[in-house]
Amino acid sequence: MSEISAEQVAHLANLARIALTEEEIEHLTTELGQIMQAVEKVSEVATPDVVPTSHPIPLHNPLREDVPTDVLSVEQALSGAPEHDGTRFVVSAILGEEQ
Amino acid sequence: MSDLIRLNAADLAAKLASGEVSSVEATKAHLDRIAAVDGAVHAFLHVNAEALETAADVDRRRAAGEELGPLAGVPIAVKDVLVTKGMPSTSGSRILEGWIPPYDATPVRKVREAGMVPLGKTNMDEFAMGSSTEHSAYGPTHNPWDLDRIPGGSGGGSAAAVAAFEAPLALGSDTGGSIRQPAHVTGTVGTKPTYGGVSRYGSIALASSLDQVGPVSRTVLDAALLHDVIAGHDPHDQTSIPDAWPSMADAVRRADVSGLRIGVVKELDSDGFQAGVRQRFHESLELLAANGAEIVEVSAPNFEYAIAAYYLILPAEASSNLAKFDSVRFGLRVVPEGGGTVEEVMAATREAGFGPEVKRRIILGTYALSAGYYDAYYGSAQKVRTLVQQDFDAAFAQVDVLATPTAPTTAFKLGEKLDDPLSMYLNDVATIPANLAGVPGISVPTGLAPEDGLPVGIQFLAPAREDARLYNVGGALEAILVDRWGGPLLSQAPDLSTHELMATEEGVV
C-alpha cells in the first residue's frame, strides 16, 4: 500500500496547489514511502470493532443567536491582502486560455 | 545582569504591586536583556516597539488606584503562532512575512486585559511543524544551555526566551508536545491544558483537533498564574469548554502529594530513553514517594501506535487548515513569469512560501485523505485515537496522575536530525498521547543528565478537566527539588552575556 510513485506525488502536489520542482518531487517520493510505511502500523490495531474518534472532548454543537457580533470591518479584512480595490479582494483570471 | 530579569513572574508581580518596581523598569530590563543576548539565542522574531508605552500605561493605572490583576505589569513573550494586533504574525513561515493581523488571538487579548506587557513574538518551527525550531523560515533558535543545540520545538523560541531570562513568561502552543518538549530541553516549565481549556481563536491552526495554547515559565507557580489568566470559555472557539475552572495557582500554593497515586507508564519507561533522562525520572519518583505519594506501574499498550496515528491525523488536518494560504486574503503572492490563473498563482505562492517540512506534511495529509485511502489511513488513525483514550481511561481508573519522562533524550545538536524526518518525529513519543486524548500535561525540570549536563524534565498527565492535579504534583516536586539543589536549576545555566561577548570577539555573531 505504501508504494508511492513520482507521478502520484506530482498529482498530490497539484491537488494541494504547490508547484513542486522535479527535484522536490523526487525527494518527497522517497520520504513519503518511508513515512507511510511507518504510519501503516495503525492498521495492526484499527480493527472493524473499534469506533473512530474525531474529537478528543465530546461536546454538543454549540449554537448562538443569529445576530452580528464583533466581526472584522471590510477595511480590516482587506488590510493584509496582496491586492484589493478597497471593497473586494483582487485575484487573477479564474480560467486559463485553453479553458 | 539586572536582578529584575532573574525574578520569577510571581515575585516580580509582588514587587510591582508593592510599588517597589515599576512595570517600565521591569520591561526595560527585559528589553535590554533581549538586546544583549538575543543575537546569540534568536528566541524573538519581533520585539514590540510599544512595550514601554504599554508598561507606562499599567504604571499609570496602578498609580491611579485601579484594581489590577495578579500579573499586571509583568512582561510576556508570545509565540508567533498567535495573531497579534499591531505586531507581525508569521507562524514561522515566509508565506506570512510582514503580515500584521487585524485582531488579537483570545489568549493575547486576555493577557493584555490582565495588564501584562507583550515583549514580542517568539520563533517556532514553521506552522508549528517540528521539534527543534530548525524548520523556522527565519533561522533556528539556540538552546541557552548550549548554543549549538536545539531549544526544542515547535515552541523553542518561547522556551529559550524564558530560559535565557529574556522574559519571565511566554505563551506557547502544543499540538504534539510543542510546549512540553521545549520545556524539557531548556530546564523550564510548560503546560498543555485540557483540549478546549484555552481558546484557540486566533491561534494559526496546525491540527485543529490537537492544538492547545498554554503557559511557558521558569516555575510551576508562574505557569499556573498565567494559566489562570488565559483559561476560560470563549464563544469564538466552538471547541471551547464552557465549564468554570478552579485556580491553578491555588493548586500550587496548596501542593501536597501525600496519598496521591502516581502511575508510571511502563511502555514509556524503556531502553529507548537516554540513561540520564531515566535516572532523573526515577529519582523524582522516589522523592515523591518519600513525600507520601504512591507509585504504581500502569500499562498503556496502545501508546506505541500513537505516533503513527498522529502522523496521519496531523498532516490530514494541516493540509486542510493550510489551504487558507491561497495568496488572496493575506500574506505572500507570487505570480509566475508571464502571469497565470488564480490556481497557478496559488501554486507558485505556496511553492515559494512554504518550507520543506510544511510541503512534506501537506502532501502526506493530501495522500492520507485521498479517495480510496481515507479509511485505511485517516479512519484507522481515528480508531487508534479511541484506543489511546481507552488506555488513559483504564489508567486513570487506577491512579490520579500519570508520569513519564517528557522526551527520550536531552537537547540534540542543531542539524543532527534535520535530514531524517522519522527520527525527528520520535521526539514526541511521550507527549503525543495527551494530544490525541485531549488530556492535560505538564513538564517540570528534574535536573541535568549526568552524561551531558543538559536539562531533563518529567511529564505529568491528568484526566481531562483535571489540570489542577498537574499543578499540585508539579508544584510539590519542584519545591522538593529546588530545596535539594539549593536554588532553581536555571541558576546553573551558562552566563550568556559572557558567551555573547566571546562570540563577538571571535567574529561569530
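Including glycine, each Cβ sits where the backbone N, Cα and C put it.
Values in this document were obtained by computation on a predicted structure and should not be read as measured data.
Noted in TrEMBL for the protein shown:
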DOMAIN    B:25-470  domain 'Amidase'
ACT_SITE  B:LYS79  active site, charge relay system
ACT_SITE  B:SER154  active site, charge relay system
ACT_SITE  B:SER178  active site, acyl-ester intermediate
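TrEMBL feature annotations superimposed on the structure.
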residue	record	DSSP (3 states)
B:LYS79	active site, charge relay system	strand
B:SER154	active site, charge relay system	coil
B:SER178	active site, acyl-ester intermediate	coil
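Counted within 10 Å of its Cβ, the other Cβ atoms near B:LYS79 (active site, charge relay system) come to 35, all protein chains included. Long-range Cβ proximity for B:SER154 (active site, charge relay system), meaning a same-chain Cβ under 8 A and a gap of 6 or more residues, is found for B:VAL81, B:GLY92, B:MET124, B:ASP125, B:ALA128, B:MET129, B:GLY130, B:SER131, B:THR133, B:HIS135, B:SER173, B:THR175, B:SER178, B:PRO182. Other C-beta atoms found within 10 angstroms of the C-beta of B:SER178 (active site, acyl-ester intermediate) number 35, with every protein chain shown included. Computed over the domain 'Amidase' (B:25-470), the whole-number mean pLDDT of the model equals 97.
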